[in-house]
Structures are given as C-alpha cells and as structure tokens.
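Following: one structure in structure tokens, then a few remarks.
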Amino acid sequence: MFNELVKKIKSGLEITFEEALALGGLDEDRLNELFLAALQVNRHFHGNRVDLCSIVNARSGRCSEDCAFCAQSGHYRTEAPVYPLLSKEEILERAREMELRGARRFALVTSGRGISESDFEKVLDIYQMLKEKTGLGLCASLGIIGYDKAVRLKEAGVGMYHHNLETCRSYFPHICTTHSFDERVETVKAAKEAGLEVCSGGIIGLGESWRHRVEMAFHLKELGVASVPINILTPVKGTPLWGRPLLEPVEVLRTAAMFRLVLPGALIRLCGGREAALRDLQPLALLAGVNALMVGNYLTTSGRRVEDDLQMVADLKLSVM
C-alpha cells in the first residue's frame, strides 16, 4: 500500500481524500509504515533540512473574538497577559536574541480580529527596522487583513503572512462564532495575491474527528499554502475547551504524517503544544513528515530551550534551512 502511495506522490500525483481518510483507521502496528512513507516523501521534496521560526507576542489579550481554545479572548476569564503593542526596542531585542539562538524566521503576532491603522503603521516601521538590523526572514500574524495591508507588509520587508484556518469549514462553527471561516480564507487569498507566502494551519485536539483533520488538510492544499503549522491543544483554564484530554503522541504523529502526504511540497511545522503532547517522542516527528519547528516560547505558553531543539536536529543528522 505505502510503496505505491509514495511512488504516486513522488511522481507528482496526489493522494485522494479517501486514501487520507483511511489513514485514520490504520492499525497502530502499521503506523511505522505510515511514518516511513511520510519521511520518504519529505526527503524527496525537501531533503534533510529543517526550518526554524520564532514569534513574539507583540500585543496580548482582550481579543473581541470567541475562539474556544484561546487564552487571549476577551470572552473568557484566563490568566493570559494583557498589554498594548510592544516598543520597537523590545521587539528588536527579542528578534536579535532568537536570531543568535538559531531561528531563521521571526514573526510579530498581535491579538485581535485585525489590527488598527495606528498600530499597523507602527508595525510597518518595526518591520523596516528588523529588515535593516537583522538577517531574519520576516513573517507577520496580524489577524484578518485585506489586500492593501498585505501589499504594505510586503513593501516593508515581510515575506510570509500567517493566518490559521484553525480547523475545517464544517467544524469551524463549533470553535468560533464571531467571524466566519470564509473571512479566514479571504485573508489567506489576499496575502497570496499581494505576493506574500502564506503560513496557515490549525489546532488539533479541539474535539474534531479524523475526517475534520483531513478536510482541513485538503482546504490548505487547495489554497496552496507554503507552510502548515500544526498546533496541539493545550487546554486553558477559563476557556470552553478547558478539561479536554491531550491527544496521544501517536495520534499527533499520525496527523502530521497525513498532512505531509496531502501537502508534499509544504513545510509541515510543529508548533504549540508539541512538548506536552509528544513528550519524549518529539524527535520521531522529524522522521514522520515534519520538517519545520516553531522554537522558543509561544503566545501564552512556554516552549523548551532552543538549544534542545537544535541538538535534536543535529542528533538526527538534519540541517537547519
């Protein structure tokens, strides 16, 4: 089964929805075959390189949206920090720190449905500074934006825009009611139209089914995104998803491998929640189709030491892009 599937994908043909759906029912004693297939596809399209990105929570809390997983939503009582846009100096310090520690990309992430014009002007100024004073690839995650803002970001030096779908269209209403799935899709399309690469993925462990994950993967394939962040839910006290169990490590790996087979040319990026969900199996993700990591801290939770991730990459005889 997997030999033929790998040959098909390497030749430029695509895995079908039904084939991807069937991976959810694969017996656990055959998961190593799935992981090997994902590794072979990954090596064919990307070699042995791993992309490392980092973020700064540039404006935190008081978001108007009701995303059920989010610590920064103003609809829920959580312990997430609340502060306005960080200063240029604070952001430059964090960017330089992450560059010195091995990150290749750096993103400003701001809470909220979108970004105000006044904050947007400040963000453009910050990106121009980062372009001049660092060698980092610059990414932005500023919520829902249109074509005009995307163009201005590109002109300021941003190369990639991040905006998650979060889940598939059919499950999205269970997760958010204050904006639509289509608004997220339109943001992705606007960024692409402006000439930006797009980083878009979602969160697994929200209560969605395997079919929902496959649907999300095919949505992303249709949109032609360059990078697919996979986050694993870490339930936050005070949110509607508090108390949900963590996904089993093998379920995370199964999902990552499926995304690799559906999106062979994209970066499959393991992000928030990987430490808690995968525990000691994090290296196995890089042998099961994953070829990118978010390093350092996340928005409201701590990551592990960047040095530990770099050692993991080196121990697997992989190289940083």
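Just so it is clear, glycine is given a Cβ too, placed from its N, Cα and C backbone atoms.
The 10 Å shell around the Cβ of CYS63 ([4Fe-4S] cluster binding site) contains 22 further Cβ atoms across the protein chains shown. Taken from Swiss-Prot, the feature [4Fe-4S] cluster binding site covers CYS63, CYS67, CYS70.
When other Cβ atoms within 10 Å of the Cβ of ARG269 ([2Fe-2S] cluster binding site) are tallied across all protein chains shown, the result is 24. The [2Fe-2S] cluster binding site annotation in Swiss-Prot covers CYS139, CYS199, ARG269 and is backed by sequence analysis.
Among the features that Swiss-Prot reports, domain 'Radical SAM core' is placed at 45-274.
For the pair CYS70 ([4Fe-4S] cluster binding site) and ARG269 ([2Fe-2S] cluster binding site), the Cα-Cα distance reads 20 Å.
Compared over the binding-site residues CYS67, CYS139, CYS199, the count of CB atoms lying within 10 A of a residue's CB peaks at CYS199. You'll find the Cα of CYS63 ([4Fe-4S] cluster binding site) roughly 21 Å from the Cα of CYS139 ([2Fe-2S] cluster binding site).
Rounded to a whole number, the distance between the Cα atoms of CYS67 ([4Fe-4S] cluster binding site) and CYS199 ([2Fe-2S] cluster binding site) is 19 Å. Same-chain residues that are not part of CYS139, CYS199, ARG269 yet have a Cβ within 8 Å of the Cβ center of the [2Fe-2S] cluster site turn out to be CYS53, ARG105, ALA107, MET160, HIS162, ALA226, SER227, PRO229, LEU267, ALA292, MET294.
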